[in-house]
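Data block below; observations after.
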Amino acid sequence: MAASGLPPLPPQFKAVQHILRSAQELDKREPVVAYYCRLYAMQTGMKIDSKTPECRKFLCKLMDQLEAMKKQLGDNEAITQEIVGCAHVENYALKMFLYADNEDRAGRFHKNMIKSFYTASLLIDVLTVFGELTDENVQHRKYARWKAAYIHNCLKNGETPQSGPIGMEEEYYDENEEVGSPALPGQESQESSTYESGNAPTSNYTGIHIPPGAHAPANTPADSSHHGSTGVTSASIQPTPQNVPIVDPSLYDVQPAGEIHLTPEDFARAQKYCKYAGSALQYEDVSAAVENLQKALKLLTTGRE
């Protein structure tokens, strides 16, 4: 696979093939996410092989791409501040996950939702450039990657997949099998894509909390609302009902109890929750915004999460 402006991908870098393809597909619609996809590929490639001539050449070209993107996006907070960039990528990954989960629970099984599940798992991988993944993200990654493999194999075998979290079994894709890469509307056809289940656990998954698909943001990856001008006025767009969490009544009239000694880490976590809330609002995800603002307020007024 040769990404735009890059030499052919060395065989040693097969592990980053799909993330680089995702970066290409997101270049116009989500350049910030595309940037971090390439950064993840760069860091992963450096760990795999930075000495072989063909690998060094590829990494140098990829580094040039990153530098060019960084200059182009230089005034974007999601590039200049890691905490904002992390929230941006995480929210987009969740958006992809919730769209696929919504389709899955509604019994609508198709290549687009398979790709969305798998892309969400890849974007959670990308979050490792910011540090260690949360337990929740690890769970979402395992579930999304397993779901992509499970549904794909069911459709390939002419079987009807089961919706929602069920007992997980190991599923693997044939790496040479075409499953239809151009899953998102408005994108040009890319190379055929294959999905790998990775280390899908064999344990039952029903004990893991996966948010119901009904919580999906109004603008899902399946729509064309972010593909430039469509000739549709905002007045013609009907708001989508959202499941908003109940606000903790105790937070309406907050009175700090005595002296609260907040550490720099506490302030950083509160800032993170506020950034997450802001990013959630960009995707019209009221539920996530309210939840994160409540977490920030509780931390700042009680010193506890």
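Yeah, the Cβs are placed from backbone N, Cα and C, and that goes for glycine too.
Here is what TrEMBL records for this protein:
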DOMAIN    16-157  domain 'Vta1/callose synthase N-terminal'
REGION    174-244  region 'Disordered'
COMPBIAS  187-206  compositional bias 'Polar residues'
COMPBIAS  221-243  compositional bias 'Polar residues'
DOMAIN    264-301  domain 'Vta1 C-terminal'
**Fill in**
Secondary structure split (DSSP) over the domain 'Vta1/callose synthase N-terminal' (16-157) reads 119 helix, 0 strand, 23 coil
**Complete:** Secondary structure of the domain 'Vta1 C-terminal' (264-301) by DSSP, residue by residue, totals 35 helix, 0 strand, 3 coil
**Message:** Mean pLDDT for the domain 'Vta1 C-terminal' (264-301), rounded to an integer?
**Reply:** 77
